[in-house]
Each structure stands twice: as C-alpha cells, then as structure tokens.
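Novice: This is the structure I have questions about; it appears just below.
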C-alpha cells in the first residue's frame, strides 16, 4: 500500500512537471486537477498512518489486543461523525478543512490509547520506569497540543467570527477534559502502587474524578449544541458523543449515591464477624485473597469480607461479591403496618380454616392420582363418584347385620347428598363425570385444541428418520411433528394412569367370595314329592332377598327343627348343587335297602 501510493504520487507529480516545466505552474495544475488531488489525499493518509505507527511504537511499544480492539471500534464511530461533519460544513469544504479533521481524528486515537494504557496500570503489578516515562511524555504532548488548538480556535472566532473553528475548539476542549481525567487516574494508580497495603480511598477519588470530568463534558456539549443551533445549524454529528457523555455522567452520579448508601448500611446495619464465625468457615476474603483475622463484616447473605475490601467494592457495585445479592434491597427495614393492615390481618386470622377433604385410602403399591394442572393439555376433572356396585364406606360386619344395613343406609344418604352438592357427578353407567360439568367456564378460545394422535406407534421408519436429518425447513418441521406426537402420547398415558388409579381407589380392596344359597333352595324344590324320605324343608318366607350389587348378604334363616328331625340336627352346609343331589340320592338308596 505504501509503495503503490508513493509510486502513484511520483508519477502524478512527474507528469505535471513534464507538462508545465516550472514549479509554480506545476503546483497550480496539481491543485486544479481532481485525479491529482485524489492521489495526493491518499498519499497524505498513508503518511499520517505511518506517523501514527511510529508514534505508537515510541509511546506505547507493542499494543495489546484489547487496545487495538477498542481503537478500531472507536475509530469507526469517529470516521462516521467526521463524514456527518463534512455534510454540515459543506460550504467550508477545502483541503485545509480535511487536514484539520484528519489531525483531530489522529489526536483522538492517542487520547483513547493513553486512557486504556493508564487503566492497565490497575491490573498490572509490575510497572517499569519506561512505562512511566512514556505515559508522562505522551500526556504532556497531548495536553500542550489540546491547549494550543483551543487557543487557536478562540483567536480565530474572536477575529473572524463564527466558523468551523467553533467545532474544533469544543472538540479539543473535550479532549483536554479527557487528558485531565487520565492524568488524575495515573496519579492515583501511582500512589497505590507505591504503598505496601491497598489504598482504600482510591476508588472514592476515582469515582469523584469521573463525576467531575463527566459534569464538565456535559456542560461543554450543551454549550456547543446551543451555540451551533443559534449561529449555524443543528450539529447532527455531535448527538452520539453528547448522549454518551450524559449517560456516563448519570452513571457516575448514581454510583456515587448508591455507594454512599451501601457504605452507610455497612457501617450501621451489618454486624462484625466474630472469631467463632471466622473459624467455622473459610476465613479467606475473596476480594483480596488474604485471611480475615479481624475487621470483617457479615452481609445479610451471611458472607464475610474485610471492611476495607467491602468499602472499595461498594464504590463500583452494590452487590455481594459471592452471590451477587443486592445489599441495598436486602438492607431495607421492614415498614410498620398501618392500623388498617393490622385489622385486616386480625380478621384473616379469625376466619375459620377451610376443611380439607380427607384423602382416600389407596391400595398398597398404588400411587394417588396426579394433581390437577400437572398436565395443562387436559383440564382438571371433578370428584369421581363411587362406581355402581362398589361398596360404599367401610365393609359391612358379617356378624352384625343390623350395623351393616345401617351403614349402608348412611352411605346411601351420603352419596345422595354428595351427588346433589356436586354438579359434575357421573351419568349412570359411566364411571367418570362429564368433561364440561366439573370444570369452570373458560373464556372463548381458552381451551387448547386436542392434538391429533400419531399415525403409528411401532417406531420411526428409515424414511422418517432421514426426513428429520438436516437443517432445512422440512427437516425442522419433521422434528417438530415428532416431538408433538411424543407429547400427545405422554398426555394420553398420564390421563389413563389417572383414570386407572381413580377406579382402584373407588372399588377398594377385594372381598372374600361368598356363594349364595338361592341355587340350593331352587334345587331342593325340584326333588320328587313321592319320595318316602323326609327332605329338609327350608323356610323360604324368611329368606331376605338382597340386591345383586351388594357384595355381602345377611345369613338366611332356616327351619332348624325340621332339619334336626330329618337328619339328626345337622345344619345345611353351603355346597354346590351336584354334590347336594348326590348325597341325597345315596341317603335314599340306603333307606330303601334297610326296609
């Protein structure tokens, strides 16, 4: 780049001199020719770039990666603002105007590098004398140049009136403010490096330095905007730097107020850490990495640090260094309750506690139903009524038929009351309530649509797997459809598990099987009446007929005297029909043989 620009410049100058053959006509020809001026501008920019690299080597040595990144980032914004300034001052556009803006951008770059290099002093433990010499020489040179250009702009405005020098005067005044802040930071860092122990008040001085310089920048930008609007036009190129200056000043004010509040809370609200607390925990302060023997404070989050370390920390941020808890919010005292709030709290305590319905006893090894709302796809269902034919309440006592019937009656009354009190009861023949009776009324379009089940459940084929591989739109849609199918299957499985557990809870544990004696009575009535053997007569009028839905029936009363006279006082046993018939036939044959 350097060689090409140098060759182009030499060729242009040689061509102009070849045409004019004299120095003055050659200079006039170069200044009037647009292509020649463009090549000369390029050569001037190359020379400025080379001068900047040389001065960077002299004052900074090797630039760090962070410094180069910040320089490039700020340079792009500065070039954009310079182009906007060219549009505002298009009437004053000239080679001298371009040279002044180029020089301003050149000096801005060195101001930014000086600021980054001084900030590096706080993170570097070893600072050489060469570093101090370079920084002091650079700050002295930049300060002298800023003061010179400010005085030059002032004299130009006084003698010639409002011109483009107004912009350069305010720009160099702001650069003077920046170099002043850099110099104060350099002094503070140098004092801190010379002391053996960390300087606690350095953060305080740096905070007030930023507050002071930020206030000066805001005043300068406001004055510059006011003057430019009155004498020329609205300075569009100054909007971004003025906004950044105001934001920085606002941040400095907020940091100053919040840091003072945090330090006041630390001195008044936070207790000192005792020796037992220091021994019970790791007594190394994570801010300075030194052991805490005395002079430690315990924050509301129970983390302990040096008091001096906390004071320096709170100058920048008001959070716990370990857990990032906001110490200002945690330190707010509780507000006393007003009489109205106390009365409302007293009334809330006097209100009766709502009675929670008892949970049903689930069989061993079974899980209770899932709570409503766990799966948002399915709305919560109402209370399930007992399944028809299932025992209600406790199982009846076989030894006490009266208590069984009484408990059955009470259970029936309870079920009637429950069915009246719950509108979402199940319809006859259905073990579950209707889906829309046991749930609250939703707003329009409030119920999500039921998803369509997947086409198959045997797994994904090779074609479906290949359809999901890739990063195109159809591959993404295939993966989303697969996830939707999985979500549908999981919701359906959870619903069926909930229904299954509800049915198990309603039917209760299994009861021992009890056979009915009605079949034996029917078989006894079919025996021939011409037999000479006296068959046992059962008093059917005293049999209590029970409903088929009940699991246990009352004992059937029989004529014990008749049975005793015929069979020697034996009580009939509940046996199957074929065994009873066989026994009776054997008795009949034995009676016939004896006669």
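Cβ from N, Cα, C; glycine included.
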Novice: Are residue 151 and residue 27 co-located with respect to the membrane, according to Swiss-Prot's topological domains?
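Specialist: Different domain labels for residue 27 and residue 151.
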Novice: Select from 36-56, 57-77 the stretch of residues annotated by Swiss-Prot as transmembrane segment.
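Specialist: So the range that Swiss-Prot calls transmembrane segment is 36-56.
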Novice: Quick test of the contact rule: Cβ under 8 Å, at least six residues beyond the ends. What residues does that give for the topological domain 'Cytoplasmic' (57-92)?
Specialist: 101, 104-105, 108-110, 112-113, 116-117, 120, 134-135, 137-138, 163-164, 167, 232-233, 235-238, 240-241
Novice: Fewest other CB within 10 angstroms, which one of the binding-site residues 320, 323?
Specialist: 323
Novice: Would you identify which of the binding-site residues 301, 303 has the most other C-beta atoms lying within 10 angstroms of its C-beta?
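Specialist: Max Cβ neighbours within 10 Å, all protein chains included: 303.
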Novice: I'm checking region-level scores; what's the whole-number mean pLDDT for the topological domain 'Lumenal' (20-35)?
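Specialist: The average pLDDT of the model in the topological domain 'Lumenal' (20-35) works out to 83.
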Novice: Excluding 301, 303, 320, 323, please set out which residues of the same chain place their CB within 8 Å of the center of the CB atoms of the Zn(2+) 2 site, keeping sequence order.
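Specialist: Close Cβ neighbours, site residues excluded: 299, 300, 302, 321, 322, 324, 325.
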